[in-house]
Structures are given as structure tokens and as C-alpha cells.
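**Q** Take a look at the following structure, please.
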Amino acid sequence: MSASILIAQNLSKVVPSTEGELTILHDLDFELAQGDSLAIVGSSGSGKSTLLGLLAGLDQPSGGDVVLAGHALSGLNEDARARVRAEHVGFVFQSFQLLDSLTAMENVMLPMELEGHRDARMRAETLLTRVNLGHRLTHYPRQLSGGEQQRVAIARAFAADPKILFADEPTGNLDTTTGARISDLLFDLNREHGTTLVLVTHDERLAHRCNRLIRLESGRLITPEA
Amino acid sequence: MTRLPLTRLVKLASRQLRRELRAGELRVLFFALLIAVASSCAIGYFTARLNEAMTVRATEFLGGDLALRGTSPAHQTQIDTGLAIGLKHARTIEFSSVIAGEQAIQLSSIKAVDGAYPLRGQLKSATEPQGIETVGGLPAPGEAWVEARLLPALDLKVGDRIEVGRKTLQITRILTYEPDRAGDFYSLTPRILMNLTDLAATDVIQPGSRVRYRDLWSGEPESIARYRTRLLSTLDPSQRIEDAHSGNRQLGSALDRARRYLGLASLAAVLLAGVAVAMSANRFAVRRFDASALLRCLGLSRREALLLYTMQLAMLGLAASLLGAFLGWLAQFLLFYLMADLLPAVLPSGGIFPALAGMGTGLIALAGFALPPLAALGRVPPLRVLRSDLLPVPPRSWIVYGMALLALGLIMWRLSLDLKLTLALLGGGLVATLLLGTLLLLGLNGLRRLLASAPLAWRLGLGQLLRHPLAAAGQALAFGLILFAMALIVLLRSELLDRWQDQLPPDSPNYFALNILPAERDTFTARVAALSPNAKPLYPIVQGRLVTINGEPARDVVERESRGDRATRRDLSLTWTDTLPTGNVITAGTWWSTKTPDDLPGVSVEAQLAESLKVGVGDHLSFNIAGRILETRVTSLRTVDWNTFQPNFFMIFEPGSFTHVPVTYLTSFYIPPGNDRAMVALARSFPATTLLPIDSILGQLRSILDQVTIAVEFVLLFVLAAGLTVLFAGLQSTLDERVRQGALLRALGSERLLLIRTRRVEFALLGATSGVLAALGCELVTALLYRLVFDLSWQPHLGLLVLPLAGALLVTGAGLLGTRRALTVSPLRILREG
């Protein structure tokens, strides 16, 4: 097995609620090697998105730890985790999360501009052309369809050459045909860039395109890793 | 330490700013700031330039920026100091002398002036009485310019000769206006103006002659101030410094009020802009929650995200400030252009300070009102990208309000409202806001109970407000503040204009009559009554000097150069009356109701003079009247309205205090135009009486008040326009959610009419509530302002009842206009856009 890019160790999340403490995730353990793809599936409220947030360092676990690209996240404060994200992580969201005030091109340029890339514009154009949006460079998100917006988001996710890509229901807001095209694109790019992919989905077909799958129910792993 | 180099962050911030500006995202905030800076700058420039123009006009009353007055010539060192500082100098010498015509003689007030006189303002003269006035010029050596009233007295005409002492002068023109006569309108005798080079030849000034020397100075305000300071240490007891403020009481108080009004109007403009900036900055922050979460996701640290937005805001602030300052400068330019006929042709430029101050005001408002909501952006949890319900922890409210209050305080201090007033306004405003805000929240909660049985439009409209009572209360307070600022400026404007109108009603006395002999008193009164619709009572006058205060020599008690000091160095005009003159108010003691315990005659002293003399009710004063000492006891103190053109007195005695002293009478009255012949006849019938016309002074005062009035009106219009713009901009910033809800309702099948009704109910209620808050706030603040700043009496303003209606109409109009998109654009499109 190649070196692990992502390790979850006894990962748990407890939140306060009106009826006392609520455990959302119970002692999860798994590892993911560089270049793997992992699908996290489960019904609504099973803890999928919470797990994604913890794995990507967007939130802190109540117990256990996440090791992302060699960094143990629980020992890091939010700003240090941000640095890890900037260096290693890309995101694709269900609701696209494009900035309304930026054009498609500028949205893709953003992560590269944060890194100070000089060729951000050229590279953004290449990526957008790769996702078949070469003719929509100067369009604002509100002028694009859902599928197009998600393609911009995918282009942005790959812009900073992340080691690992987290995708939260990437096809959740799209119709079946568009969803299928988007998932094709996602897997193609993943392969081209050699990126590790972690995706949360309801879509069993999408999930089964990943080479590994974990199923959550009430915050517990119920399917041993395939 | 930040991970991103600062230069990259700056680049990123400017790039993002350009993109967001292009996308129209920052329009509201940009325009709010633009209005803030432009209005503050325009009013700043307008006030500064007008202030300087008014001061220049006011200095005409002196004939210069500063006058050194004395009974002996100024010392050469005093003159040299002024010249060394680079000031311009002119000298006038005044004295009384009997003038011999060919047929008669007349005691006249002669003024010899040098070639530089006057330094401010100009003489006006005509070739014959009632002739056409020309401006400028001076009597050449050998010439005399005389007041028209001298001619009938001596039976002379222009071209005749008069003798002043040993020198014969030819009357070449009729003197119609002397700029520096205004400060001295109690002058008794007709004026003759002559050239200073002729003075020596007259041989009338001898040691012991009563002569008044005035050395006039003009120059840059800083130089004048410097000279003034230097002069103070070199003054003789007989010398006195006069400037634009000390020269004329009537004008001084009018100008002071106008200045304070303009200052307050600037504050209102800033308040308006502050509200706009606060509302739009809040919108700026809320709309960037997602973007901020995303940037954090992409690896920006909390500090970097915060820095990025702060830099964006600072760049935006700077750009808007620069443009705003330029627009403000243009706007005041336009104002002055419109007012060109009413103002002096050459106005002072105003300098760069108003522009800098305006920009500073905008940036302080931005920092105070925008940084707190902006700080929230740094705290947006990155997890928000997955869970959009996650909101940043709001900043502590004391920080938010503290920042805003600090910003307002700084701006008020910048507008030179004094500390007491600043604290009173801030404190009063805070208490009023807390009180009204609490009432509002309680009211909204009360409304919730009534809502269940209301029609659908009401439930939907009010539901919108009730769902977020804090936000609704915030909006009502913000709109309330806007209406409040506008209403306050309208109210003060009417009060000031009324006050000035009262000060100078059309029938203000335009003649003073002095030296009316007791034997002629009744006939004189009857003759004046026939001519004048407004004649003041006749007051007996006795000249007397204050010699002791509680047994101590008066001059030992008072401080040097104080008002009291001056009052002890000259004869005072003393009078007695059994009725308190109009415009006088007793502030301590009583008006002749009780006998003093030691049976001394009572005296009522003008309150400010009493303070300077350090006397109170019960103190002993003794006066030297025609060589006899009169012991008196102070029985009351009075304030005097010096703004009225009627005889006013520092000392009024109990009737019967004086016996066996020579008395003359003094009065003032209004003579309508066209009675010149009757006045000549009156003067001839009472040769001992001096009739002193003060039309030119009234005219000068009126023209300045007219100028100030126009300024006040323009500033009012400016504040109202800014208020309306801000109201609309502010409302705009709250409309996103309303437009979305409207679209949702339409998607659910609601008719447009229901939507319109819903909006009407919501906006009308919001506007009316704001109106009520504004009216209450206005009453609270005016009660403070009238007392502390404007010295006006306060009474409830029923007119403010119109504010709830005005608020409802304005907010509804602006709101419907702003949300029309929810009615006209496809609901699907709006909902898709989120």
C-alpha cells in the first residue's frame, strides 16, 4: 500500500442539543492512499457532511484525529489548518459556491491568485476549456446553468493542483444527464491529475465509480470498506 | 505572521475590488460614502467660504479686521509691530467740534482719515442729498464730505465752505455710508469726513481734547491673531481692541447662530451618511459570508480574510472620498454660482481643509460604522461552505455601538461643537435610542398577538417585520435617524429665520432721538406719534459714573480690560422707569416691589455687566452724578435683548432716585420711507434734539441676515436631498430578502395585488414607526440644543406630528420602487439567482 494521504483515527463528533449531547460520529477509523477515490454514502442525517467537514479540516472533531497529507489536524489551530487546505486540498460543493461578483474565469483564477501564480489567467482558461466552458469565460455565475456552474467549480477545484479533492454531493443539484456528465468530468480530471478523491453522495451509481466506499448510518460505519 | 505576502494580498484586494465594482456589488456602499463625503465637503466648503465672506462683511463694521481704539494715539511700537507682521494699516481720528457755516454753527462729529481708510468695506457718497450713490473714494485734502443732515442745520449746500477750527474745507460730496459707523450708532452729531493731512492745520486738537484714535489693521487671519496677542501686553488703560465679534452685538449673535446652524447641518449630513454607510456596510458583510467561508476553505487565514476585506473597504473608502470631495467642491461651487448676485464678487477660496475634513469624515464614518460588521467576516466559520446556516459569532454589541459612537464623537468634535454639547448629544442620543428601541421591541411583540386575526396582507406584511424584530427595530431606528436629521434641520431653520425676522421686523426703529429736553418732551412725543407706527417709550437719561462697589473703589474690584472695567472708565447713561422694558428679563431679585431694608434707592443691573463687576442682589453701588454721590442698592439683575433696536440700559434706577439733576430724554422710533421732509421739519422744530438715522446700519444688517438666510435655505435643501438619497440607498440594502420573498409568494400563486398590499403594509408601518421615533428624538434633542447652543426658548413642536405620515409615505414610495423587481421579473429567475 502506498503512503496514506488521509487517515481517520477514532474520529468522533459530539454536539450539544436541546436533549443533551448528540453524538453525530462514533469512533471512525479508515485510511486512504494517494490516488484512491472514496465514496461516503448514507441517508440524510447519517453524518456524511460532518465527516467530510472533519476530514477536510473545516471543523474539529470531539475525539480522535485526522491526518491529512502528513499533518495531524487536531493539533493545529484554524489558521494552520487553512494553510494545510491551501496547499493540499480542493473542494467541489453541492451548491457550487461560486462568487457572484466574479466571472467564470475569475472564479477559477482565485485559488491561483491566492498562491501568487503568474500564469493564473492562462491556466484558468485552459481548465475552463478542458471542462468545455471556453466560450463562457466572462460570464457571471448567474448567467450560467447549474451544470455549467458546477463545471466552473470543478475547474476551480483543480486550479491549485490539490493532492486531495473533497466533493460534497457534486451532482446533488443537477439533473441525471448533467449529473452523469459532471461525474464523468470529475473522474476524468481526477485521473489526469492523480488526485485523491473523497466524495459524499446519495447517488449509488456515482458512489460505485469510486474504488472504495464507506456507508454511514447514525454516525457509524456499517459497511466494512470494500 | 501572515502566510500570504502583503503585496499579494494588496494586489488581490484591489483586483477583487475592481471586479466587484464592475459587477455592481459595491454600488450602494460606494454611493453612501460618496454622499457622506460630498455632502460633508460641500457643506464644509460652503460654510467655510460663507463664514469668511460673512466675517469680511462683519469686519466692514470696523473698517478693518482689527481696530485699536484709544483716547491717545497708538504707540509707535504698536504700529511698528503691526507693520512688521505685514498687516495693512489705516488711521482715523474722531473728535467733536463746532462747525461754523456762513449763517449758523453746529456741533459735529469730525473724522479725519488717512489715504488707506477704510481697509474693509467702502465709503458711499453722492453729489447731492438723495442723489445717486457712488462707491469708494475719499475726501481729498481741502475737501469735506458731510452727512446730509448737516446741510439744513447750517443752511449749506454742496460746494459751500465750512470752517473746521482754523482750516476751511469745501463740501464736495454727501456722505451716505461709512462702513465703520455701524458699531457706533449712538453718535450724537452729524458726521464730517476730512483728510488726515488737513488735521494739523485745523489746530483743534489740543492737549486735553476728547479725541478718539482708531488704528485699523487688516491681513491674514493668522497674522491678525498674532498681532492681537502681541498687542494685549502693550495696551494702555485707555486702549481697547475691537474685532468683528466685539464690534456689533446684533450681528455677532446672528452670525454665531448661523455658524452653529451650519455646523449642525454638517453633523446632520454626516449622521445621514453614517446611517447609509452602516446599512450598506452591513449588507456588504452579510453578502460576503459565503465568499469569506470559501476563501477560508481555499486556505486564507482568519487574519488574511479580514485584512483582505479591510483593504478592499479602505480602497473603496479612499476612492469614494476623493471623488466625493471633488463632487462636494463642485456642488458648493454651483451654490455660490447660483448666489452670485447676493455675495461679494470675490470670495475666499476656502482652502484645502474642508476637502480633507470631508474625506476624513467619510473615512471615520466608514471605520466607525463598517468595521464592526466587517469584523464578522473574519469570524465566518469555513464549515459554512457545507452548512449555509452557520453564521459568524456577531461582534459584541458594545463594540459595534462603541465604534459608531466614537466615530460620531470624533466627527462632532471636528465640527467644533463644544465638548459639553458633544457629550450631551451623544449621551442624549444613546439614552433616546435605547429607550425608543426598547419601546419599539415591546410594541412589535405586542403586535404579534393582534396579528393572528388580521387579513392576509397584514399578516404577511407584518410577519416580515415580526420574524426578525431586532432587525426590524434596527431598520426603524435607522430610518428614524434619517427623518430625525432632516426634521431637525427643518425645525432649526424655521426657528432661526423667525428669530432673525423678529430681530429686524420691517418696522424696526430706524431713528434714535437723543437730547430731548424735558420741556419739549410732550410735544416731541406727539409729533413722533403722528409720523411713526412704532415709537418706543421715552427714557430719561442722566450721565453718571460708577465709583464704588460695596465701599471699594470700583476700578479696584474689576479685572482689567473686562466689560466691568470699561463701564467704570466712562460715564454711563442712567435711566429710571417703573415698568420693565420689553426684551428685559429679571434673573435675580425683584423689580421695585419691595423697599430696600436700608431705604437706599434700588438699581437693576444688566446681568453680564453685574457678573463682570462681581456684584449681586443686595450689594451697594455708588454713582457720581453731576458731582453728587448717589448711594444705591442692587435689587435685581436683568438680561437684555441687545438685538432689539430700542434704547437699552446697563443700569435702571427706581423712579424717584434722582432729584435736582439735569435730565434729557432718549427714544427710538420707526419712520416709514417718504417722510424725509417731515423729518427735516421735526429736526428744525427741536434744534436741541439729535435725530440719528440708522437705516444704513439696518440695511447692512439686513443684507447680512439675508445672505445667512439663503445659506441656511441651501444647506437645508442639501440635507433634505442627502436624506432622501440615503433613505433610498439604505432601504435598498434591506431589499434582497424582500425581493426573494416576493418572488416566492408569486411562485406560490399569490396575485401581484396581494404582494403590493403586503409591501404597502410593511413599508408604511416601518415608515410610520420611524416617523414616530424621529418626532420623539427631535423633541428630545431640540430641547437640549435650544437651551445649550442656540439660546432659544423651547416649546413642543406640533408640526412634528406630520413625521409619521411623511415617514410612511417616503418609505412606502421608496420601498415599492425598490421591490418592483419582485413584481416585474420572473419569480423563477429571482429564486434561481438566490
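Just so you know, glycine gets a Cβ as well, placed from its N, Cα and C.
Unlike curated records, TrEMBL annotations are generated automatically.
Not my notes, these are from TrEMBL:
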DOMAIN    B:264-371  domain 'ABC3 transporter permease C-terminal'
TRANSMEM  B:28-48  transmembrane segment
TRANSMEM  B:261-285  transmembrane segment
TRANSMEM  B:306-331  transmembrane segment
TRANSMEM  B:351-377  transmembrane segment
TRANSMEM  B:398-415  transmembrane segment
TRANSMEM  B:421-444  transmembrane segment
TRANSMEM  B:465-492  transmembrane segment
TRANSMEM  B:710-731  transmembrane segment
TRANSMEM  B:763-786  transmembrane segment
TRANSMEM  B:798-819  transmembrane segment
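Thinking about packing and proximity, how do these listed features fit into the structure?
**A** Here the transmembrane segment (B:261-285) has Cβ contacts under 8 Å with residues 26, 28-29, 31-33, 35-37, 39-40, 43-44, 46-47, 50-51, 313, 361-362, 365-366, 368-370, 373-374, 376-377, 404, 407-408, 411-412, 415-417, 478, 481-482, 485-486, 488-489, 492-493, 496, 711-712, 715-716, 718-719, 722-723, 725-726, 729-730, 733-734, 736, 785, 789-790 of the same chain, all six or more residues outside its ends.
Listed by sequence, the residues of this chain that lie at least six past the ends of the transmembrane segment (B:465-492) yet keep a Cβ under 8 A from its Cβ atoms are 261, 264-265, 268-269, 271-272, 275, 278-279, 433, 436-437, 440-441, 444-445, 447-448, 451, 715-716, 719-720, 723, 726-727, 730-731, 734, 762, 765-767, 769-775, 777-778, 781-782, 785, 790, 797, 799-800, 803, 806-807, 810-811.
Long-range contacts of the transmembrane segment (B:763-786) within the same chain, counting only residues at least 6 positions beyond its ends with a Cβ under 8 Å from a Cβ of the stretch, are 264, 421, 424-425, 428-429, 432, 436, 440, 443, 461-462, 465, 472, 475-484, 487-488, 491-492, 495, 792-794, 796-797, 800-801, 803-812, 814-816.
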**Q** Could you tell me what the rest of the chain brings near the transmembrane segment (B:421-444), counting residues at least six beyond its ends with Cβ under 8 Å?
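**A** Non-local partners: 401, 405, 408-409, 412-413, 465-466, 469-470, 472-473, 476-477, 480, 769, 773, 776-777, 780-781, 784-785, 788-789.
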**Q** Among B:28-48, B:306-331, B:710-731, which stretch has the highest count of C-beta pairs below 8 Å with the transmembrane segment (B:351-377)?
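**A** That would be B:28-48.
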**Q** Within the same chain, where does the transmembrane segment (B:710-731) have neighbours whose Cβ lies under 8 angstroms from its own Cβ atoms, ignoring anything closer than 6 residues to its ends? I mean 6 or more beyond.
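**A** Sequence-distant neighbours of the transmembrane segment (B:710-731): 28, 31-32, 35, 39, 42-43, 46-47, 50, 258, 261-262, 265, 268-269, 272-273, 275-276, 279-280, 331, 335, 338-339, 342, 478-479, 482-483, 485-486, 489-490, 493, 496-497, 810-811, 814-815, 817-818.
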**Q** Taking all residues of the domain 'ABC3 transporter permease C-terminal' (B:264-371) together, what is their mean pLDDT?
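**A** Looking only at the domain 'ABC3 transporter permease C-terminal' (B:264-371), pLDDT averages out to 78.
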**Q** Give residue numbers and ranges for long-range contacts of the transmembrane segment (B:28-48): same chain, 6 or more residues beyond its ends, CB-CB under 8 A.
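**A** Here the qualifying positions are 21, 259, 262-263, 265-266, 269-270, 272-274, 276-277, 279-281, 283-284, 316-317, 319-321, 323-325, 327-329, 331-332, 335-336, 348, 350-351, 353-355, 357-359, 361-362, 365-366, 370, 711, 714-715, 718-719, 722, 725-726, 729-730, 732-733.
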**Q** Under DSSP, the domain 'ABC3 transporter permease C-terminal' (B:264-371) has how many residues in helix, strand and coil?
**A** 91 helix, 0 strand, 17 coil
